[in-house]
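Chemist: Here you go, one structure.
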Amino acid sequence: MATMSGTTIVCLIYLTTMLGNSQGVNLKIESPSPPTLCSVEGTFHCDDGMLQCVLMGSKCDGVSDCENGMDESVETCGCLQSEFQCNHTTCIDKILRCDRNDDCSNGLDERECDIYICPLGTHVKWHNHFCVPRDKQCDFLDDCGDNSDEKICERRECVATEFKCNNSQCVAFGNLCDGLVDCVDGSDEDQVACDSDKYFQCAEGSLIKKEFVCDGWVDCKLTFADELNCKLCDEDDFRCSDTRCIQKSNVCDGYCDCKTCDDEEVCANNTYGCPMDTKYMCRSIYGEPRCIDKDNVCNMINDCRDGNVGTDEYYCSNDSECKNFQAAMGFFYCPEERCLAKHLYCDLHPDCINGEDEQSCLAPPKCSQDEFQCHHGKCIPISKRCDSVHDCVDWSDEMNCENHQCAANMKSCLSGHCIEEHKWCNFHRECPDGSDEKDCDPRPVCEANQFRCKNGQCIDPLQVCVKGDKYDGCADQSHLINCSQHICLEGQFRCRKSFCINQTKVCDGTVDCLQGMWDENNCRYWCPHGQAICQCEGVTMDCTGQKLKEMPVQQMEEDLSKLMIGDNLLNLTSTTFSATYYDKVTYLDLSRNHLTEIPIYSFQNMWKLTHLNLADNNITSLKNGSLLGLSNLKQLHINGNKIETIEEDTFSSMIHLTVLDLSNQRLTHVYKNMFKGLKQITVLNISRNQINSIDNGAFNNLANVRLIDLSGNVIKDIGQKVFMGLPRLVELKTDSYRFCCLAPEGVKCSPKQDEFSSCEDLMSNHVLRVSIWVLGVIALVGNFVVIFWRVRDFRGGKVHSFLITNLAIGDFLMGVYLLIIATADTYYRGVYISHDENWKQSGLCQFAGFVSTFSSELSVLTLSTITLDRLICILFPLRRTRLGLRQAIIVMSCIWVLVFLLAVLPLLGFSYFENFYGRSGVCLALHVTPDRRPGWEYSVGVFILLNLLSFVLIASSYLWMFSVAKKTRSAVRTAESKNDNAMARRMTLIVMTDFCCWVPIIVLGFVSLAGARADDQVYAWIAVFVLPLNSATNPVIYTLSTAPFLGNVRKRANRFRKSFIHSFTGDTKHSYVDDGTTHSYCEKKSPYRQLELKRLRSLNSSPPMYYNTELHSDS
């Protein structure tokens, strides 16, 4: 025992030496110095109560020494150079000076404006000395207060279809009095405008000028009300049944000008086409083209009615130079002396009256038997002949259809044209002569929940005030009037104060809102004008991925404020965004442009910019001046660059910035006041850099920061006061809990504290701290005694003693592990957190983890081997199937190799394991939490599944042995129930110790695999107290409590007692000599002797099957 104690002391001294050589992360944690007395001269008072004072030299040094940050506050240190000081606690950006808004609570920022110089390049001083942004000039708003910024402006004249606001702004007439303000001054919605008798109210909700009523042009698109009951028609007019007068030239032109289409029902069959010899096809841009008489071309009357002039009056000027230039200069000369633009030549549309522009072209293709050839040469499927749809440009496919034979599922019009049978009498005019809607059955009676159209048609109420496809709703569109109070459903778009359309019809290239182009406003279009490089929509210009080397605009499109220039090759210079039209930009995306630097003054005029994206470039540094001018910037994303240095005062002017993303850079050092000026910052992300040191004062004056992300760095040197003066800090993300020890109390910090350690101690629980020493000493001493005791039997060839010796070696190593952890805890007491990372990555911790795994699994597999040996012995007592010593050595050698490999594999450098044993301060790799740390599957396989199988094997084997032994005794000696009870107790003790050790770990492991999390203290108790339990109890169960050991101890105690008595009496003649042949009375009567005699009698009188000694004597 003395030798053992000496060995233990030597080991502890060695461990202490190794621990002393480890270098911890320098957290600059100093011993707390006595507080500076506030009464001493030369100190600064942090608060009015004089509870904390610091040296005067610490004031305004960039490091918050006061817990409340008072030594670095505005009250103490004043404002930055780019700021204006309102009072002793408040600063504002200088750009807010003299802007007619009291940004200071005392109004100080709006005083003495007559001598204040406005920011050059971005603002202009007007007559009353206030500063107005350049883009606010001539914006129809009085920004100065005296309207001086709106007086010297060039305004355009409003056209006839526009309303002139009181401030001279022009808006479309369709927007007048629709409930939405379009004039900046709101004059389009005021009472004066809307109650005026200058306007005519259409049933669909829009207003038109009264001079547009009865002007021959329909402005009330749904009802034609502005053109009804106007006058008696002239001789050159045609009168519709609804009283509208139209030009006779528009009768039978293929377009319904009358609401009831009267003008197209009086036509002869031969007028359903547009033959070139007598007719002229209008080149209509909107809707169905008209076919007019040739005599109406160039007659100075708009007969095509497809614009203010009409395409029939285009190219009518007799240009004397037309013959000379002809096609060479871009013209084609018609015989009727009309000059056509070159692109109209051979375009399959005759523009010359007799079609000369289409005669000298390529020969028309030859059509197949299944095709019909139009007169101008185009081939169309024969099935489209006479189907009431104009497929040929000259409508020749719908001519001469009187004798046309319709298909089986079609119905023939009086004109011979064919329409589908289900379209007959459907309230829609399908036949060119309207015969499909004549002689129809009486109109049906509408049901109570249906809506009746003016034409008698019944429709579903859900179709009311919804403009759908051609056959949705009323054919006469009466369901679309009086819809000003209708509420659109989800997925619908409201046409201002009128009906609704499906959202899919918005920005589809077709105007569906009849009163205005509301559904086609703010749609995506190609820009800049005439270049088609980018796509614009609303205020956004998207030039992403166009390989641009310079900005594509020389003059910014009106109202564009969001520029997306990402994924290009832009060459950024100090003048790239210097033009005045960039000062209204609020969002700028320059990501993925291969930028290597940001020249100073690059954004000096972009004071309205709120979002700047510089991510994923090759920027290596940020210079002082690179971000100058971005005083209103709120979010800066510069992640994914190669930034190594950030110059001082780089962010000093960005006082409104709230989000700064500097992740994925190459920063190595965060110096004092690096983020000076970021007073409104709430999120600071400097994760995934190469930061190894952070100075005190690095986050100075970030009074509003709520989240700081430091994860993904290799920080080795960090100031103790680095997180002081951050009163609103809510969350801190790091890679190690040691940094959380510096954060203010109440901050949510990750990663979480491990289950064992605190900022001060490796073992934070005092009970566990004592337990680990107790269990370690018991396991070490107890198993050493067992090894010493069993070696004599091993030399005698006893297999069982050999196995017990292996078990004791495994448990002895567990004691070594416990004492390593206990010694480390003692050594690091009070300063553990500064050595946390280095300890967990140290070779000693890795060795401790190896020893714990090796010990645990060696014990488990050895117990399983012992159990199987006993089971075979009980089940087959007559066979010589027990392990011999040689076989036992082979088995245990295999087990030693296996557990060695299991324990050493995580130390071989595989990336899968990643500090497998250093996941906690006690160097254990147990997986009993939901965290999926590297190597967790391996941990589950070794500590959960393997141990579960071993426990099931041991428990079931002992139950089987007890059952067999009990039946044997019942058959032979029913009187020996006492021995049965003793055997049952020993078996129960063996199984229950295994149960208490392994089952909690196994259960907790499976619970964690299901995603549940137990209390951290549960894990700590199981890992430190429960896991080593078997190592402390196995020596007692398998050796120290057995009859041979107890008998030997008693015998030696008697020897010692007799020797001690004889030494006092002086009688040495009868001293005890153990020669193996003589036996003293004490020995003969000793309990050990009685047990031996009892065992021999049992063997002589019992059947050979009963072999109980190995179960409860364990000799």
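Heads up, the Cβ atoms here are built off N, Cα and C, so glycines get one too.
Below are the features I grabbed from Swiss-Prot:
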- 36-79: domain 'LDL-receptor class A 1' (DOMAIN)
- C38-C53: disulfide bond (DISULFID)
- C46-C66: disulfide bond (DISULFID)
- C138-C153: disulfide bond (DISULFID)
- C240-C258: disulfide bond (DISULFID)
- C274-C291: disulfide bond (DISULFID)
- C298-C316: disulfide bond (DISULFID)
- C322-C339: disulfide bond (DISULFID)
- C334-C352: disulfide bond (DISULFID)
- C386-C401: disulfide bond (DISULFID)
- C406-C418: disulfide bond (DISULFID)
- C413-C431: disulfide bond (DISULFID)
- 486-525: domain 'LDL-receptor class A 12' (DOMAIN)
- C488-C500: disulfide bond (DISULFID)
- 608-629: repeat 'LRR 2' (REPEAT)
- 789-801: topological domain 'Cytoplasmic' (TOPO_DOM)
- 879-887: topological domain 'Cytoplasmic' (TOPO_DOM)
- 963-988: topological domain 'Cytoplasmic' (TOPO_DOM)
- 1039-1115: topological domain 'Cytoplasmic' (TOPO_DOM)
Chemist: Could you state the CA-to-CA distance between C488 (disulfide bond) and C240 (disulfide bond) to the nearest Å?
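Modeler: Given the Cα positions, C488 (disulfide bond) is 35 Å from C240 (disulfide bond).
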Chemist: Give me the mean pLDDT over the topological domain 'Cytoplasmic' (963-988), rounded to a whole number.
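Modeler: Overall, the topological domain 'Cytoplasmic' (963-988) comes to a mean pLDDT of 57.
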Chemist: Per 10 Å Cβ neighbour count, which of the disulfide-bonded residues C138, C153, C240 ranks highest?
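Modeler: Sorting the candidates by Cβ neighbours within 10 Å, the top entry is C240.
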Chemist: Rounded to a whole angstrom, what is the C-alpha distance between C401 (disulfide bond) and C46 (disulfide bond)?
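Modeler: Their Cα atoms are separated by 101 Å.
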Chemist: Between the disulfide-bonded residues C66, C274, whose Cβ has more other Cβ atoms within 10 Å than any of the rest?
Modeler: C274
Chemist: Reported in the order helix, strand, coil, what are the DSSP residue counts of the repeat 'LRR 2' (608-629)?
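Modeler: Reading the DSSP string over the repeat 'LRR 2' (608-629) gives 0 helix, 5 strand, 17 coil.
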Chemist: When a 10 Å sphere is centred on the Cβ of C413 (disulfide bond), how many other Cβ atoms does it contain?
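Modeler: Cβ-Cβ neighbours of C413 (disulfide bond) within 10 Å number 22.
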Chemist: Considering only the disulfide-bonded residues C53, C138, C339, which fall within 10 Å of C46 (disulfide bond) when distances are taken between Cα atoms?
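Modeler: Those close enough are C53.
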Chemist: Between C38, C53, C352, C386, which of the disulfide-bonded residues has its C-beta surrounded by the fewest other C-beta atoms within 10 Å?
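Modeler: Comparing Cβ neighbour counts within 10 Å for the disulfide-bonded residues C38, C53, C352, C386 gives C38.
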Chemist: Under a three-state reading of DSSP, tell me whether C53 (disulfide bond) is helix, strand or coil.
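Modeler: In the DSSP reduction, C53 (disulfide bond) maps to strand.
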Chemist: Give the sequence-ordered list of residues that share a chain with C418 (disulfide bond), lie 6 or more positions from it, and have CB atoms under 8 Å from its CB.
Modeler: C386, D387, S388, H404, C406, A407, M410, K411, S412
Chemist: Count the residues of the domain 'LDL-receptor class A 12' (486-525) that DSSP assigns to helix (H, G, I), to strand (E, B) and to coil, and report the three numbers in that order.
Modeler: 6 helix, 7 strand, 27 coil
Chemist: To which of the disulfide-bonded residues C316, C334, C431, C500 does the lowest count of other Cβ atoms within 10 Å belong?
Modeler: C316
